[in-house]
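Below is one structure, written out as structure tokens; comments come after it.
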Amino acid sequence: MAHVRWDCYTAIIIVILNLFVIFMIQKAKLHSHRFYLIQLLSLIDALQPAIIIFIIIFREELKHQKTVYELLSIFFYLFGIMSNLQIVFITGDRFLEMRYCLKYYRLVTRRRILLLTALTFAVCGVLVITVSKWTRHFNDYFLNTTFGVLCLDVVVRTLTILFALLVGFAVKRIRKRNIAQLRNRTIYDGFQQERMLKLIELKMSIKDVTILNIWTVIFLTPQIITGIIMIVFNDQLRIYDAIFRIIYLVSNPFVYLATQTKLRKAVKTLFGTHNRINPLNPAD
């Protein structure tokens, strides 16, 4: 019973922390697409432990509802994959704003973000269901987490790390090259001047997303290593994968609050520790 209570309390804390991130974004009135994506990311991160809480509360009833239990397991892993892909979306969002800084708000809208998220959810759902059905043993109604969904998790986590690093590096390089080209001009027309000012303003947001990518790499790497070892050598290592997954979910809200400058300042303001803002240092 003690370990059940521990799991439940941990899941409740994760839900509260992610809801706090959403609350702070709304309270600080951060309406850019980057923070909208972070809100979606926090919501997805909150849904995973919410499923755990539901399973713990209704564990006796679920013993006789194997189909419902399997569906909950599918959604649990589905939200885990979606959490990683949201990091990819945030990094890609910075790339689009850097590459098309003056046309960004025409290209990227909230409606398109929601459509992309829904489409990704559907694709991931098909992948999870397909893998779980393919790897399921005869007369086994539960997901084979070792050889099925975990393989998909390892692939998605690895691709997330590669995309975050490569695109993050490309964004910084594009910004440096564009600013260098613009600074070499002796005369600016209105378009080029507006473009240069926009690139300078994006410095802080690119720095924030780069730090977020670094933390993502740090927390996902142990899960990838554990998953590969578990698949190749030992089926019993799934407990370590679960531990790393819990650490990742608990740390995510703190990472969002710590790496996003505007969000961090909003938290300091809420708790009365806000320092004076330098108006010459743009935060986005």
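The backbone N, Cα and C atoms fix where each Cβ goes, glycine too.
TrEMBL does not curate its annotations; it predicts them automatically.
Counting residues 6+ beyond its ends, the transmembrane segment (6-25) has Cβ neighbours under 8 Å at 35, 38-39, 42-43, 45-46, 48-50, 52-53, 56-57, 246, 249-250, 252-254, 256-257, 263, 266-267, 270 in the same chain. TrEMBL lists 6-25 (among others) with the feature transmembrane segment.
Taken from TrEMBL, the feature domain 'G-protein coupled receptors family 1 profile' covers 17-256.
Here TrEMBL flags 37-59 (among others) as transmembrane segment.
Long-range contacts of the transmembrane segment (71-92) within the same chain: residues 34, 37-38, 40-41, 44-45, 47-48, 51-52, 54-55, 62, 113, 116-117, 120-121, 124-125, 127-129, 132, 142-143, 145, 149, 152-153, 156-157, 159-160, 163-164, 167-168, 171, 209, 212-213, 216, 220, 245, 252, each at least 6 residues beyond the stretch ends and with a Cβ under 8 Å from a Cβ of the stretch. Among the features that TrEMBL reports, transmembrane segment is placed at 71-92 (among others).
What TrEMBL records for 113-135 (among others) is transmembrane segment.
The transmembrane segment annotation in TrEMBL covers 147-171 (among others).
Under the heading transmembrane segment, TrEMBL lists 212-233 (among others).
Marked as transmembrane segment by TrEMBL: 239-258 (among others). Outside the transmembrane segment (239-258) by six or more residues, the chain places 10, 13-14, 17-18, 20-21, 24, 38, 41-42, 45, 48-49, 80, 83, 150, 212, 215, 219-220, 222-223, 226-227, 230, 264, 267 with a CB less than 8 A from a CB of the stretch.
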